[in-house]
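Have a look at the structure below, then the notes.
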Amino acid sequence: AAALRELRAQYEALAARNLQAAEDWYRARCARLHERAARSQEAVRASRREAGECRRQLQARLAEMESLRGAHQSLERQLQELEERHSALPAQAPLPLQDTIGQLEDDLRNTKNEMARHLREYQDLLNVKMALDIEIAAYRKLLEGEETLFSTGSVGFSALNPLPNPTYSFQPRGFSSST
């Protein structure tokens, strides 16, 4: 009986140790599973937030696409109307446009002819001016020559001209041209 009690006490101690080890293993396993479940729940929440954001972006893009599709259709209609209007325009009034173009070309030709005439007149005036400048320079030299004759001769030039230092200078006016 004592041996049985001793054996029983050993089995109960062994059973208590095994029960304690099983409970420790169970608690550790549950803690790991709870931790993994918490991480999975956080990942699920993050995925749901991301899915919600993607859904909002998709809706915004769909609304923008519908808006652009409407604008595209409107522009297509306007383009078609303009093409129809412009295709009908030459059939209605080709002669007034051709007349206007012809009139503008005539005006341009007349203006060019008038400019050429003004340029020839300007060139003629410039040639006359150059000849006059040459003639004035020749007279100036003649006058300076006479002045030296008077100053060296018996009658001084100063007696004929009361100005102390006479100078003959010609300042030609400058011509400006817009051509």
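Any Cβ shown, glycine's included, is placed from N, Cα and C.
Per TrEMBL, the feature coiled coil maps to 58-128. In this model, the coiled coil (58-128) carries an average pLDDT of 88.
Across the domain 'IF rod' (1-150), DSSP helix (H, G, I), strand (E, B) and coil residues number 148 helix, 0 strand, 2 coil. According to TrEMBL, the feature domain 'IF rod' maps to 1-150.
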